[in-house]
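Feature annotations, courtesy of Swiss-Prot:
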type: DOMAIN; residues: 6-115; note: domain 'Toprim'
type: BINDING; residues: Glu12, Asp84; note: Mg(2+) binding site
type: SITE; residues: His36; note: site 'Interaction with DNA'
type: DOMAIN; residues: 130-543; note: domain 'Topo IA-type catalytic'
type: SITE; residues: Arg140; note: site 'Interaction with DNA'
type: SITE; residues: Arg141; note: site 'Interaction with DNA'
type: SITE; residues: Asp144; note: site 'Interaction with DNA'
type: SITE; residues: Tyr149; note: site 'Interaction with DNA'
type: SITE; residues: Trp156; note: site 'Interaction with DNA'
type: REGION; residues: 164-169; note: region 'Interaction with DNA'
type: ACT_SITE; residues: Tyr288; note: active site, O-(5'-phospho-DNA)-tyrosine intermediate
type: SITE; residues: Arg290; note: site 'Interaction with DNA'
type: SITE; residues: Arg475; note: site 'Interaction with DNA'
type: ZN_FING; residues: 559-580; note: zinc finger
type: REGION; residues: 601-633; note: region 'Disordered'
Amino acid sequence: MSKKVKKYIVVESPAKAKTIKSILGNEYEVFASMGHIIDLPKSKFGVDLEKDFEPEFAVIKGKEKVVEKLKDLAKKGELLIASDMDREGEAIAWHIARVTNTLGRKNRIVFSEITPRVIREAVKNPREIDMKKVRAQLARRILDRIVGYSLSPVLWRNFKSNLSAGRVQSATLKLVCDREREILRFVPKKYHRITVNFDGLTAEIDVKEKKFFDAETLKEIQSIDELVVEEKKVSVKKFAPPEPFKTSTLQQEAYSKLGFSVSKTMMIAQQLYEGVETKDGHIAFITYMRTDSTRVSDYAKEEARNLITEVFGEEYVGSKRERRKSNAKIQDAHEAIRPTNVFMTPEEAGKYLNSDQKKLYELIWKRFLASQMKPSQYEETRFVLRTKDGKYRFKGTVLKKIFDGYEKVWKTERNTGEFPFEEGESVKPVVVKIEEQETKPKPRYTEGSLVKEMERLGIGRPSTYASTIKLLLNRGYIKKIRGYLYPTIVGSVVMDYLEKKYSDVVSVSFTAEMEKDLDEVEQGKKTDKIVLREFYESFSSVFDRNDRIVVDFPTNQKCSCGKEMRLSFGKYGFYLKCECGKTRSVKNDEIAVIDDGKIFLGRKDSESGSPDGRSVEGKGNLSEKRRKGKKGS
């Protein structure tokens, strides 16, 4: 009788290993590599430009024993590599296959959920490493190494600080700086918002654009106490259920509804995907959380329909939805983020999850269930009211719920009521409300809205949204105040340098085009070498490692002598200086934006439009004493 071959599965994390082990039992041993085992070296560039961008890989410090263990497992028996199904995971699998001399074998398994049905199917159908996906990931890694290893030392040398520059992070920083510049330039216009209230309903004056009325007109409008129904149109309006979550929409909704940062959302989602201990063993609660897709498997749809029928009735089950046109930026055919078992209700899950895990799971569970339900239906009444002489008109809309559909699960706020009047009928009394308001600029980004914009523009990927924003915050390039993101002095000065010298690196369109190129490498339409050559030719033509960044900007700050102060950078960091010799230090994280060569410190309140700059009058301090006699240092 032949000896039974031992079987091993390699995953990234212990939690994932434990969940898979609880499914497969003693049939397989499951080992965690703890993420990447090999990468470009930290101590040197690690890319041979003379050999067509050949990478020089090295075992990550502290992972030597992991590599030896993997080699040992490959010698002992059959080794299956089950790292994540995205590009990063494919690259990890490739490195593992290389060090274990198993490249070319069908030893790669992928899955979007860690459930018995899917895991058992995956181990039956191993495939070879997807080298197109690996090349796309290696190209991204080398591109980022070229940019980071070239530009970061320039920033270190000039600012004596652990700063960095990169393709995605710099393009994202540009979005925040550009928005602050828009707010700075915005000139508010006053206008009147005029409404009439009657029978608990509201209608707004009908004008082509927001306008400011003169006093005589306002007095005339204020005297209106009766209107006539000129037009009434009734129709049935359906509201389609939301799609199940993908990475970006989960991050946005968790930020909006739960107040979670995008990093916190991804950390908790990872825990729910990899598994949590329950009475039935280690169980995964959601599918893979880094995805561009809203696709749902037929199996999951059927499970959802069964639950909806059981709990709410067959009339709530959504029809087979027509597959929507796929987004050109979607990286591959992942599934949406959904519960692995829709019958695991949030109440039941709460027995095993901590508070934050339960909140996020409930959000995912409700969104998925709602996505498989019928649209909600309302009776929509659009009406027009006019004064008897026809001089002024007011328009309004009111909704009356007919069928709640998906809103049974996914609550939505709508303006509901009834319009009991008919055309020609008089509406009396009416109360006129006149409010003087100002136009407002676009709001500053929150973490959620920044992710939405990054996705819309094609900057980064689901796996990089959270880490990019976290990096910008950690570097001090941006600052979060009451949930809104502001550029700082250091962020604005670095961005000004990058925009002037490396406009392509920070260009949103260039960064998005580069992501498209990487997609084409993965699809086999382009080679990684061509993408790298094209980028390097452009980048190397402007790169100068000896660049000196001169910080000398006029500011919006006045000295006590009345003259404008300038921003400079010296031995002790950023500071303001005046011709009269007075100086004042400023913190790296003070809010600032550069516009037309001038740096504006403080912030402009987007609600009121009033400046919030801080005066520097009479602020002699320690840094002034340090710099005495060192003007212009």
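In case you wondered, yes, glycine gets a Cβ from its N, Cα and C as well.
Using a 10 Å Cβ-Cβ cutoff, Tyr149 (site 'Interaction with DNA') registers 14 neighbours. The Cβ of Arg475 (site 'Interaction with DNA') has 21 other Cβ atoms within 10 Å, all protein chains considered.
Ranking the recorded positions Glu12, Asp84, Asp144 by other CB atoms within 10 A of the CB puts Asp144 at the bottom. By neighbour count, meaning other C-beta atoms within 10 Å, the densest spot among the recorded sites Arg140, Arg141 is Arg140.
Under DSSP, Trp156 (site 'Interaction with DNA') is assigned to a helix (H, G or I) in the three-state scheme.
Using Tyr288 (active site, O-(5'-phospho-DNA)-tyrosine intermediate) as the reference Cα, a 10 A cut-off selects Asp84 from the recorded positions Asp84, Asp144, Tyr149. Note on Tyr288 (active site, O-(5'-phospho-DNA)-tyrosine intermediate): other Cβ atoms within 10 Å of its Cβ, all shown chains, come to 25. With Arg475 (site 'Interaction with DNA') as the anchor, the candidate recorded positions are Glu12, Asp84, Arg141, Tyr149, and the one with the nearest CA is Tyr149. With Arg290 (site 'Interaction with DNA') as the anchor, the candidate recorded positions are Glu12, His36, Asp84, Arg141, Trp156, and the one with the nearest CA is Asp84. Arg290 (site 'Interaction with DNA') is surrounded by 25 other CB atoms, counting those within 10 A of its CB over all protein chains shown. Sequence-distant neighbours of Trp156 (site 'Interaction with DNA'): residues of the same chain at least 6 apart with a C-beta under 8 Å from its C-beta are Asn162, Leu163. Residue counts for the zinc finger (559-580) under DSSP, helix first, then strand, then coil, are 0 helix, 12 strand, 10 coil.
Put simply, of the recorded sites His36, Arg140, Arg141, Asp144, the one whose Cα is nearest the Cα of Glu12 (Mg(2+) binding site) is His36. Residues within less than 8 Å, Cβ to Cβ, of His36 (site 'Interaction with DNA') and separated from it by at least 6 positions along the same chain comprise Ile60, Lys63, Ile92, His95. Summed and averaged per residue, pLDDT over the domain 'Topo IA-type catalytic' (130-543) gives 94.
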